[in-house]
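So the structure is just underneath, and the comments pick up after that.
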């Protein structure tokens, strides 16, 4: 029988053990994190103060920005701390809390992306009914479901993580507490946790991605039926930013969570995790602002008003 031991804290091995690279990574990821915070908080403020951005699409986008702020803030500060620390530890409770918020925010974000795809379908395929079908009340209900569902599912998943047992190996080959590296070092409770992780991730990613794919299939069909070339261009331009965000987020998560945790997959997943925990939250505001005429106009008006007041 394995000799199970109580866990007080874990050691996060991080991205590298080379001191010179740790300092470089600290500078790079601090800059990325600050840009992410500024971009997403700026997007939330811009949407709240701009009359031309008071539509369902931007309402959902403001929540996507909020989740991105929470998502990166759950992981990046501890990663930055450990890059300059000699101990590089995280408490057992802190590890479970980080796992809980990470899983919850991942589920919230994938379903917000699905809701945004449905919103684009309603706007393009049912423009005459869009105002009534996507009322403020409906939008609030649509955005509430991902939050309630995400945090509920995460509680169940975290309880299964709590059921893992360890035998003295407390080094996590990652820069934050994630299920695959925890499963890799556990010596008890592994089977049910591994199966449930893959099943839950598979069901939720498949269902939410199906909503996205069906919505965009119907959008493409509707756009191709348009006689106006300008109408087709405008319709595709409103969807391009969202499709880019969906591709980046789903691609990295599927690579991370729909595989059995092995030494190779954990090491590869660590590199991929850098992308979706730090880079994607920084890129999303840029994707939606650089490719969006309404956001550009709102930024220009906000800057103009600021200088006029001064």
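Cβ from N, Cα, C; glycine included.
Remember, predicted model here, so these are calculated numbers, not experimental data.
Residues 15-16, 53, 61-62, 65-66, 68-69, 72-73, 76-77, 79-80, 83-84, 278-279, 281-282, 284-286, 288-289, 295, 298-299, 302 of the same chain, all 6+ positions outside the transmembrane segment (23-46), place their C-beta atoms under 8 angstroms from a C-beta of that stretch. The transmembrane segment annotation in TrEMBL covers 23-46 (among others).
If you look up TrEMBL, you'll see 39-288 marked as domain 'G-protein coupled receptors family 1 profile'.
Residues annotated as transmembrane segment in TrEMBL: 89-118 (among others).
Annotated transmembrane segment per TrEMBL: 138-162 (among others), in sequence order.
Among the features that TrEMBL reports, transmembrane segment is placed at 198-224 (among others).
The transmembrane segment feature in TrEMBL is assigned to 236-258 (among others).
For 270-290 (among others), the entry in TrEMBL reads transmembrane segment. For the transmembrane segment (270-290), same-chain residues at least 6 beyond its ends with a Cβ under 8 Å from one of its own Cβ atoms are 15, 29, 32-33, 35-36, 39-40, 42-43, 61, 64-65, 68-69, 71-72, 75-76, 173-176, 178, 181, 241, 244-245, 248-249, 252-253, 255-256, 296, 299.
Counting only same-chain residues 6+ beyond the ends of the transmembrane segment (138-162), those with a CB under 8 A from a CB of the stretch are 56, 59-60, 63, 96, 99-101, 103-109, 111-112, 115, 118, 179, 182, 189, 192-193, 196-197, 200, 204.
Away from its own ends, the transmembrane segment (89-118) comes close to residues 7-12, 57, 60-61, 63-64, 67-68, 70-71, 74-75, 78, 82, 142-143, 145-147, 149-151, 153-155, 157-158, 161-162, 172, 176-179, 182, 204-205, 208-209, 211-212, 215-216, 242, 245-246, 249-250, 253 of its chain (Cβ-Cβ under 8 Å, at least six residues beyond either end). The average pLDDT for the domain 'G-protein coupled receptors family 1 profile' (39-288) in the predicted structure is 85.
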